[in-house]
């Protein structure tokens, strides 16, 4: 746990808690006026983004989706960050995957003119959102690279790369959508009537950034879905063409077996006594094969 002062005349307290290092002890819970139920929400790594407000304690709990910058199974995922605002105190609960955000906050804190706990909260939310944009740009570049290579040669490896991009974007899109919903709910909350105009403006800025992130994620997701659909269609068409060719070959081999089968029977055949009869038969078979192949291909194409 880390505690430091920030803001105007250092009148505000920022506490950083690492959830991956175990829960707070009883004394720490009492010192920071936190209850066990609240911390269960805060420490749940699978908790969805949402807000809760306790009017009696004037305590706001906000769980927000932060980006995990390290790829998992070749795609990006998200992890929750918990923010608790009570009086002049802001508690940030992070884990191993999103602890990097603490360094980002430290980098921006000296240049930010913070005069309230909620201004600090909105600063953190903006920084969390900003971390998504470079990853979306990276996904866009990867998408263009994979698409360019797939146009030249469709391979299993490239299709798996495309699938990984699509999977990662599902996580980002879902997280972005939840973040927007949380901020919209936050903006409509009765507690917001007590915010200053500056705080409301910073909340609006965070919401605009979140909406922009959601729009970009939706666009990238639609493009990837169209690409996947296009290559699925191409693969299906290729498979149908291969099956058609195999059917034609099977029919031609059956015709060959049917004709040559007569030579094993006691059936009088033309040119049977001719020494060069096998050459003429091969030529006849070849011509028949070509005619049948063209006829069958024409019939298959009409279907």
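Backbone N, Cα and C atoms are what each Cβ position is placed from, and that goes for glycine too.
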193-220, 221-248, 249-276 - the range that TrEMBL marks as coiled coil: 193-220
Candidate ranges 157-176, 277-296 [criterion: TrEMBL lists as transmembrane segment]: 277-296
Arithmetic mean of per-residue pLDDT over the coiled coil (193-220): 93
